[in-house]
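Chemist: Pasting the relevant annotations from Swiss-Prot:
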- 2-184: domain 'GMPS ATP-PPase' (DOMAIN)
- 29, 30, 31, 32, 33, 34, 35: ATP binding site (BINDING)
């Protein structure tokens, strides 16, 4: 349990003191972590904050428009770097290599924007579970293990580095952020890339973006999972009409958790699972099969890569 009032005071003071008169680039994704960072930084340094949203081409359906609507008042800069990210991932199948590539590209985009604004400090929404998983070798996070050496920023600030996800939500409430942001499901920094087993292609991204949207539509409002997602896990044989199809296999996953360190699979009623499978296979012609993942964390991680 975090003392939100004390934390906010300390975080605002820390950001103000460490940045001095420098301009600060804010990595704003629209999730609760980066949104809390933005609110803290806005209190601390006002117009010296340069909030930037990078469209990596690996975002959820409608995400960029949503970000523009929610955060346009913060002098938000939207950078479309989708081709840059997807081209860099071409031919890469190893999950750690994908994460490293996304992390490096992510930082390079911010370096470019910093040069335009004069910003020398990078602010990130890294939370405690991110650091534990990176330091423990479980998997790297795009804003921790993926950061390349020789970074051009003089400082990288992570004011949420010691908080768990539920504590970040408490701080969001204390800051008066909208409930939509407070209770936003976690979304991985590398985006849909970690929901695609193997090489990331534009076709696969389009498939899994739509499958994720369907999964969220069917589960979020009724069941309030801590996180739910769809992942592209391989190819399988199916039949549509009289035609034999070698199409994608989509795995649906929904879990409950307190802090992301452990998680239990959500017991979704069979009729709901059947509806999700029916919608995904009907609305995405290239999908041949849908399965539901009931593995807890541990031994599995919540995301697939």
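Cβ from N, Cα, C; glycine included.
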Chemist: Tell me, by DSSP, whether residue 31 (ATP binding site) is helix, strand or coil?
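Modeler: Its secondary structure by DSSP: coil.
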Chemist: Excluding 29, 30, 31, 32, 33, 34, 35, which residues of the same chain place their Cβ within 8 Å of the centroid of the Cβ atoms of the recorded ATP site?
Modeler: 28, 36, 37, 38, 125, 181, 184
Chemist: Among the binding-site residues listed here, 31, 34, whose Cβ has the fewest other Cβ atoms inside 10 Å?
Modeler: 31
Chemist: Across all the protein chains here, work out how many other Cβ atoms are within 10 Å of the Cβ of residue 33 (ATP binding site).
Modeler: 28
Chemist: Look at each of the binding-site residues, 29, 35, and point out the one with the fewest other Cβ atoms around it within 10 Å.
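Modeler: Comparing Cβ neighbour counts within 10 Å for the binding-site residues 29, 35 gives 29.
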